[in-house]
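**Student:** Next up is a structure, given as structure tokens.
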Amino acid sequence: MKSNKKILFIGAPGSGKGTISKILVEKYKLVHISTGDLFRKKISEDSQFAAQIQNYLSSGSYVPDEITNKLVADFIKKIPKNQGYILDGYPRTLQQLEFMIKNGINLDCVFYLKIKNETIISRLSQRLFCQKCQKSYNLLLAKPKNELKCDLDSTDLITRNDDRPEIITHRIEKFNNSVIPIVEFFKKSGIIYYLDAEQTLEETVIEIEKWL
């Protein structure tokens with residue numbers, strides 16, 4: 001099954017954006033555009049870039065808009081026009097939204113994943129990542145088959161620096177402060193749908209599929 005829909009997920013860290021995106025990408029043959037993944041890939045390829053943005057990522061701050069905009073725009077240019085995709089983690093600021101509009105990055109639907117702060121902290125404290133392929137796991141929601149080993153390549157799983165409680169709290173505050181104008185814009189456009197991210201991932205995916 002293939003979809004050509006252009007989709008955006010808005011949600012705080014830990015709302016399930018990445019995991020839900022991966023489920024839909026596999027089922028509907030969509031391209032997953034995650035700013036976090038783009039940053040990590042660029043860091044692994046470019047030591048100068050790594051030095052430039054590592055401090056932003058490790059402190060839970062946003063990477064400057066001009067850097068993020070260029071990475072996302074360059075990636076989208078490579079995608080065929082009839083190919084559907086999911087934007088995960090972009091736009092996060094009003095400036096990024098304005099860049100999107102100016103550069104004709106259009107969307108068919110926007111899903112806002114609503115979640116309580118305490119749930120976010122609980123989920124993120126249980127996240128693990130593969131050091132080699134960057135696949136993510138969650139000991140509450142999406143456990144690895146082998147504890148602390150990646151299902152794909154058996155590499156040791158690690159936690160990320162930005163999943164420490166004090167960094168998580170900062171990231172939540174940053175998200176809440178920046179998301180309001182973005183949500184308001186898409187509300188006026190009539191393409192935003194609100195989802196309860198407190199429910200299971202399976203239940204959330206079923207809701208999303210009603211609009212695909």
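Glycine is treated like the rest: Cβ placed from N, Cα and C.
From a predicted model like this one, the values you see are computed outputs, not experimental measurements.
Pulled these from Swiss-Prot:
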BINDING   Gly14, Ser15, Gly16, Lys17, Gly18, Thr19, Arg127, Ser136, Tyr137, Gln199  ATP binding site
BINDING   Thr35, Arg40, Ser61, Tyr62, Val63, Gly89, Tyr90, Pro91, Arg92, Gln96, Arg160, Arg171  AMP binding site
BINDING   Cys130, Cys133, Cys150, Asp153  Zn(2+) binding site
REGION    34-63  region 'NMP'
REGION    126-163  region 'LID'
**Student:** Please work out the number of neighbouring Cβ atoms within 10 Å of the Cβ of Arg127 (ATP binding site), leaving out its own Cβ.
**Tutor:** 23
**Student:** Can you check which residue among the binding-site residues Thr35, Ser61 has the largest number of Cβ atoms within 10 Å of its own?
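**Tutor:** Of the binding-site residues Thr35, Ser61, the highest Cβ count within 10 Å belongs to Thr35.
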**Student:** Which whole number of Å gives the largest C-alpha distance between any two of Thr35, Arg40, Ser61, Tyr62, Val63, Gly89, Tyr90, Pro91, Arg92, Gln96, Arg160, Arg171, the residues noted as binding AMP?
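**Tutor:** Of all Cα pairs among the recorded AMP binders, the widest measures 25 Å.
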**Student:** Look at each of the binding-site residues, Gly16, Gly18, and point out the one with the fewest other Cβ atoms around it within 10 Å.
**Tutor:** Gly18
**Student:** May I ask for the distance between Cys133 (Zn(2+) binding site) and Arg160 (AMP binding site), taken between their Cα atoms and rounded to an integer number of Å?
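**Tutor:** Cα to Cα, Cys133 (Zn(2+) binding site) and Arg160 (AMP binding site) are separated by 14 Å.
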**Student:** What residue among the binding-site residues Arg92, Arg160 has the most other CB atoms lying within 10 A of its CB?
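**Tutor:** It comes out as Arg92.
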